[in-house]
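Student: Here you go, one structure.
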């Protein structure tokens with residue numbers, strides 16, 4: 001993995017090429033004229049010295065010999081180096097890929113570009129019609145979290161003003177000298193760390209974006225591009241997220257490959273765990289591993305009761321507090337109490353009558369009695385979820401009804417804890433049933449007959465009998481802010 005500067009572009013090899021006679025070496029009779037044109041366009045784009053009006057000069061390592069370009073391509077992708085357009089080489093050329101040239105070094109920024117601070121802001125200024133805003137928000141958050149899990153960087157979303165990383169979906173010429181070209185051409189591009197356009201990430205609004213596989217997976221593209229926005233170039237490791245060619249990555253349960261971890265930590269160093277010691281009255285000293293206690297944008301991944309304590313999870317840490325007391329609130333690393341979970345708990349709930357709690361992460365869940373894990377992880381499909389559900393956003397146990405509500409995207413399921421069976425006629429619309437909650441539900445917990453829903457930096461108190469929100473607080477107030 002190499003640091004990068006300048007612009008990075010993720011694209012699918014275009015279908016329109018120059019009709020000029022290609023200057024390629026002789027090939028077998030099976031090699032079609034379309035393959036010649038495709039290869040020439042590919043080599044011109046990724047293995048030839050080019051310039052960019054706002055990006056800076058890109059200097060190729062080698063000469064312009066076509067045979068030499070082919071050999072460079074073959075060497076980069078680990079193919080047999082022949083200088084000929086054999087089948088394996090053409091297979092590589094036809095793959096969707098990122099548009100950063102494999103033989104160039106950008107010169108826009110001196111040295112190895114990286115951010116000089118640990119907390120970066122991001123803002124999504126324009127959305128795509130392919131997905132709901134909540135889905136786009138979630139994809140971006142997950143893509144950034146993939147990187148912050150490995151290095152001491154924190155990402156804070158803002159809704160107005162200029163952010164370090166400005167994210168938008170654009171069409172055609174959008175003012176940065178790198179116009180988009182419509183469906184199945186360039187997918188996205190990102191600028192390396194720096195002032196002005198530095199860090200900005202643009203997605204082609206002409207593409208069909210999705211969180212699944214029926215289109216271009218937004219998480220996959222965003223995670224790759226954010227790697228460039230943080231300062232990484234391409235990797236020659238085919239298993240790496242930063243490998244040049246597009247490869248679908250499942251957003252749920254994704255873990256940054258080792259090569260990417262090595263590269264990003266070379267720039268920013270490893271993320272260090274918090275010591276878990278009690279905090280002073282005004283909060284802990286600054287530590288990049290812990291979200292600022294009184295950050296107005298603080299949100300939680302999961303919230304649950306466990307015995308007489310309330311647990312609130314965020315990234316690699318969780319807070320423990322008494323329900324009716326604000327004193328003694330203390331953060332700890334998740335691994336210190338739940339080593340099997342590591343980090344990033346998706347959802348959690350407790351059935352107090354049984355003395356058991358359930359923790360969800362990706363397509364798996366764990367059962368605990370107190371802080372003691374009860375065996376290995378199990379599959380969430382034990383609950384009766386359809387196979388397309390691959391993670392749970394939030395869960396809350398309703399004591400009187402003896403039912404658990406599971407929130408997945410903009411829908412929710414109802415699970416009968418007595419019958420150990422998912423109820424019929426679900427999922428249902430979360431917005432229709434809980435209309436007072438704005439945004440996707442990240443976490444939920446029932447206390448004293450009320451359901452508290454956490455959505456981003458806000459917590460909503462919902463009266464289950466009136467089916468209405470009765471008050472709204474900042475999520476950070478739950479840890480004493």
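Note that the numbers count up from 1, one per residue, in the order the chain is shown.
Backbone N, Cα and C atoms are what each Cβ position is placed from, and that goes for glycine too.
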Student: Out of 88-95, 96-103, 104-111, let me know the one Swiss-Prot marks motif 'Cysteine switch'.
Tutor: 96-103
Student: Which numbers of helix, strand and coil residues does DSSP report for the repeat 'Hemopexin 1' (291-341)?
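Tutor: Within the repeat 'Hemopexin 1' (291-341) the tally stands at 4 helix, 21 strand, 26 coil.
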Student: Just the number: how many Å between the Cα atoms of residue 207 (Ca(2+) 2 binding site) and residue 297 (N-linked glycosylation site)?
Tutor: 31
Student: In Å, rounded, how far does the Cα of residue 184 (Ca(2+) 2 binding site) sit from the Cα of residue 297 (N-linked glycosylation site)?
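Tutor: Roughly 36 Å, rounded to the nearest whole number.
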Student: For a quick check of understanding: among the binding-site residues 181, 204, 207, which residue's Cβ has the most other Cβ atoms within 10 Å?
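Tutor: Within the set of binding-site residues, the most crowded position is 204.
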Student: Do me a favour and check the Cα-Cα span between residue 186 (Ca(2+) 2 binding site) and residue 481 (disulfide bond); whole Å is fine.
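Tutor: About 45 Å separates the two Cα atoms.
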